[in-house]
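The domain 'HTH Mu-type' annotation in Swiss-Prot covers 1-69, and the record cites sequence analysis as its basis. Among the features that Swiss-Prot reports, region '1-beta, viral genome ends binding' is placed at 77-174. According to Swiss-Prot, the feature region '1-gamma, viral genome ends binding' maps to 175-247. Taken from Swiss-Prot, the feature DNA-binding region applies to 176-196, supported by sequence analysis. Among the features that Swiss-Prot reports, region 'Catalytic' is placed at 249-490. Swiss-Prot lists 269-392 with the feature motif 'DDE'. The Mg(2+) binding site feature in Swiss-Prot is assigned to ASP269, ASP336, GLU392. Residues or ranges marked as region 'Target DNA capture and bending' in Swiss-Prot: 491-605. As annotated by Swiss-Prot, region 'Involved in flaps endonuclease activity' applies to 575-579. The region 'Interaction with MuB' feature in Swiss-Prot is assigned to 605-663. Sequence annotations record features per position, and here Swiss-Prot assigns region 'Interaction with and host ClpX' to 656-663.
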Amino acid sequence: MELWVSPKECANLPGLPKTSAGVIYVAKKQGWQNRTRAGVKGGKAIEYNANSLPVEAKAALLLRQGEIETSLGYFEIARPTLEAHDYDREALWSKWDNASDSQRRLAEKWLPAVQAADEMLNQGISTKTAFATVAGHYQVSASTLRDKYYQVQKFAKPDWAAALVDGRGASRRNVHKSEFDEDAWQFLIADYLRPEKPAFRKCYERLELAAREHGWSIPSRATAFRRIQQLDEAMVVACREGEHALMHLIPAQQRTVEHLDAMQWINGDGYLHNVFVRWFNGDVIRPKTWFWQDVKTRKILGWRCDVSENIDSIRLSFMDVVTRYGIPEDFHITIDNTRGAANKWLTGGAPNRYRFKVKEDDPKGLFLLMGAKMHWTSVVAGKGWGQAKPVERAFGVGGLEEYVDKHPALAGAYTGPNPQAKPDNYGDRAVDAELFLKTLAEGVAMFNARTGRETEMCGGKLSFDDVFEREYARTIVRKPTEEQKRMLLLPAEAVNVSRKGEFTLKVGGSLKGAKNVYYNMALMNAGVKKVVVRFDPQQLHSTVYCYTLDGRFICEAECLAPVAFNDAAAGREYRRRQKQLKSATKAAIKAQKQMDALEVAELLPQIAEPAAPESRIVGIFRPSGNTERVKNQERDDEYETERDEYLNHSLDILEQNRRKKAI
């Protein structure tokens, strides 16, 4: 068999130059047999007969091509063929994935040295020479290189990197189960994986006691702890911390709000302040404030403070929001499904309300009457999923606690977030409610005005106020009607109305603790004895709104505030109102009463005395003398008197007998 090779294929063979030009020069000088290669366009390509090459070069060329020349001809060198089932590639590369960075770097260091040694051996260089040459070039041990080379020979070349990974690290992490009796292992994990979260040291102490009792074979504490660390993390969290903590192992969803409009979606929640406040009724409490926040811009839109989270603070703060900013066409609200927030007065009629018994005839709640769509935060393992509401972040580190609870005006009243974090001046003072509410308003304003907010819409530059002002200008809203505003006010129980048109309202026990008298002249003529009153507890000395028991609006009533005994101006105002009432009443009488009493008398018909009726019974006349008639008349009178005495005596006897029987 004749073998023809190009000058490039001959380059770098033993005894030949390293370049094609050098090979051509040697070939011309030594007179190698050559020919022009066919099929080459645009020039001539020369190739040489392999028999013209020096013996060393020819042997290396044949070895490179997998052949060898003998006296009996050319033989193809047999190489081991690797079948797919010889080894598990996935398991091999899994070892690579589980290796440490240092193990992978070490494998990558040995890979080029092993590849170089393999190429030199394929070119016919002796094993000793090849390993020594490569080891000297890469500055590694020749014997170690030889071990690495034979280590990868049973794998395909693309898998050599994974095959070179040192498995000693993995072996150190594997604990032989033969050291640990299965019963002992089950005892340990049953003790360790409990909601009480016992310390591992104490679990191991109990394991040692049980092992001595039952003759179990157990490893050292460090080995057992490594075995515990190999347990599935999700399983450990679920058993020791609960389902709620397990759900937190899933990364939080990243949501965008860019597609929303300002005021299109709001969310609310209550925040318990860490401040002692002397409330309006004299009690020292930690008040709770309900906040409404715009989801897109994160601005706090409205709030109301109370002794607890209740329907009053929620509906009044909602009234503040819609009164100031209006109601968008596509309106959404997200709140927790708590007893205070998800009550029927606010959310009744919502199809997805899972609080209290839902009835088909439930009246629509105020949120739905305002055109809002209700959304509830999730409940996981009996606990709320707070990360679903952006307003929760306003209560976190650097939030409203820093702006309000730790304000210098409230120094000495701060309680700390928990009993373990009480300040040294804990309980020094309790601030008045007026001061606290003023500080709360200032803190919310500072919270909204701080620039450089790291939110999607602020971009690390703007404040919540800046973004809301920009986005709100592009939002279409409708202002609530007066009737809608009155619907959001607090409804009082039915109160009695006096004939003067005044009534007493005992309201605001939780918000103000007030008792006021209200009046409107229209109530005198409303024809009702009781009215239902709607009011704002923070405006009790202003106007309240009166409704009939079936919900029809009657009028507004103003508060009759007490005045000083020597207040002449108030006296003049009272006399002016008396004159006004007198004049208005006279005008009403004049308009209503259009005839006087004389005119009424003239219109009455003349009534004549009726004639005596005629008797239709005729008696028999028996004449007698006058003397006899008088005598008989006297006898009759005596008889009548005596008969009456007997009758009265008989009645007395009967009454006495009746009483005896009754006794």
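Cβ atoms are placed via backbone N, Cα and C, with glycine included.
For the binding-site residues shown (ASP336, GLU392), fewest C-beta neighbours within 10 angstroms: GLU392.
The list of residues near the DNA-binding region (176-196) in space but at least 6 beyond its ends in sequence, with Cβ under 8 angstroms from a Cβ of it, reads 203-204, 206-207, 210-211, 214, 216-219, 223-224, 227-228, 231, 235-236, 239-242. Listed in sequence order, TRP290, PHE291, ILE335, ASP336, LYS389, VAL391, GLU392, PHE395 are the same-chain residues at least 6 apart in sequence whose CB falls under 8 Å from the CB of ASP269 (Mg(2+) binding site). Here the domain 'HTH Mu-type' (1-69) returns a mean pLDDT of 76 for the predicted model. Applying DSSP to the DNA-binding region (176-196) sorts its residues as follows: 14 helix, 0 strand, 7 coil. Helix, strand and coil content of the region '1-gamma, viral genome ends binding' (175-247), in residues and according to DSSP, is 51 helix, 0 strand, 22 coil.
According to DSSP, the secondary structure content of the region '1-beta, viral genome ends binding' (77-174) in residues is 70 helix, 0 strand, 28 coil. Look at GLU392 (Mg(2+) binding site): DSSP puts it in a helix.
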